[in-house]
Amino acid sequence: MTAKIIDGKIIAAELRGRVADEVARVKREHQLVPGLAVVLVGNDPASEVYVRSKHTQTQAAGMASFEHKLPADVSQSDLLALVARLNRDPAVHGILVQLPLPKGLNTEAVINAIDPAKDVDGLHPNNAGRLAGGFEALSPCTPLGCIILTKSVHASLEGMNAIVIGRSNLVGRPLVQLLLNENATVTIAHSRSRDLPGLVKRADLVYAAVGKPEMVRGDWLKPGATVIDVGINRIPKDDGKTRLVGDVAYQEALAVAGAITPVPGGVGQMTVACLLVNTLRAACAITGLPKPAV
Ligand code: NDP
C-alpha cells in the first residue's frame, strides 16, 4: 500500500482562488478592500522570505498589502507605536508581526498590543481564549491549514482519534481546539509524554509539530492513518546546501499511512493561504459585513 499524497500546493491554490473571488465580491458590492499590514523587524533571511511571499500572495488575491520594515535595534516603544498606528488605520484589517522578534524585544507585549479584531495570526490572548472556549475567533493560520488538509481526505472528523505532537501556542494548542470543534477525540503529546509510539499507534489522525527531523517513524503509525506533517527542518547536504524534511520519516510512513502531506509542498503552502482567509474574515467582521463564504 502507498499512501495518498495530500497536495498542499493544489489545495492552497484552490483556497487562494476562493479568497480572490470573495475579495472581488466585497470590493464590487461594498467598496471594501481588505488590507494586511506585515511588520518585519531586523533582517533574518527566513523571515524576509516569508514576508515577501505574504506580500505577493496578498496582492495576488486583490487585497492591499502594507509592509513595515524596522531595524533590529528598534526600541520596544517605537514598535508598539507602529502597532498602535496600524490598530487605528481603517485601511488595515489584519496585522501580522513576523516572529521571532530580535532579542531584547518583548514578544508577548507586542502580541498583546495588537487589536484582537485585526490579529490575523490568532495569537492574542483574546483570540486564543475564545478559540479554547469554543467561540468564534481568529485562529492561527497553520492549524487552520492542517484542518483543511485533513478535510480534503475526511469529510467529517467526528469521533476520530487524533494525536497532536507538540503544544506550542502557534501550532499544537490551537490545533487541539480546532480538532475538538470538529468533534475529534484528541490526545496532545509533548516532550514529557510517555510511550509516544504507543500513543501514535492508536491515532487515525497524526499531527507532528515538533521540529525534530523524521522523529515519527513509519512503524509508529496505525495502518491507514492520515498524517499531517507540520515540521520544517533544514538538513545539511554533502554539497554544503540544505534540504527540507518534516517531523515524520516520510518514506517509511508512505508504506503505512492512508494519506500523508509531503515536506515541502504540504502544510507550509497552507499557512499563507489561511492568512488571506483570516484577513478577509477580519475585514468583513470589522466593517459589519456577514462572514465571507470562505
Ligand atoms: P516549538 O518549538 O514551539 O514546539 C515544539 C513542541 O514539540 C513542544 O511542545 C515540545 O514539547 C514538543 N517536543 C519537543 N521534543 C519532543 C519529543 N521528543 N517528543 C514529543 N514532543 C516533543 O515549535 P512550533 O510549534 O513553533 O513548530 C513545530 C514545527 O513546525 C517546527 O519544525 C516548525 O518549523 C514547524 N512550523 C511549520 C509551519 C508551517 O507553516 N508549515 C508554521 C509553524 C511551525 P514541550 O512543550 O514539552 O517542550
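Just so it is clear, glycine is given a Cβ too, placed from its N, Cα and C backbone atoms.
Feature list (source: TrEMBL):
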- Gly166, Arg167, Ser168, Ile232: NADP(+) binding site (BINDING)
- 6-121: domain 'Tetrahydrofolate dehydrogenase/cyclohydrolase catalytic' (DOMAIN)
- 140-284: domain 'Tetrahydrofolate dehydrogenase/cyclohydrolase NAD(P)-binding' (DOMAIN)
Greatest C-beta neighbour count within 10 angstroms, which of the binding-site residues Gly166, Ile232: Gly166
Maximum Cα-Cα separation in Å among residues Gly166, Arg167, Ser168, Ile232, which the record lists as binding NADP(+): 16
Cβ neighbours within the same chain of Ser168 (NADP(+) binding site) - under 8 Å, at least six residues apart: Ala209
Summary of DSSP states over the domain 'Tetrahydrofolate dehydrogenase/cyclohydrolase catalytic' (6-121), given as helix, strand and coil counts: 62 helix, 19 strand, 35 coil
Local Cβ density at Arg167 (NADP(+) binding site) - other Cβ atoms counted within 10 Å: 18
Reduced DSSP assignment, Arg167 (NADP(+) binding site): coil
Arithmetic mean of per-residue pLDDT over the domain 'Tetrahydrofolate dehydrogenase/cyclohydrolase catalytic' (6-121): 97
Secondary structure tally of the domain 'Tetrahydrofolate dehydrogenase/cyclohydrolase NAD(P)-binding' (140-284) (DSSP, helix then strand then coil): 53 helix, 30 strand, 62 coil
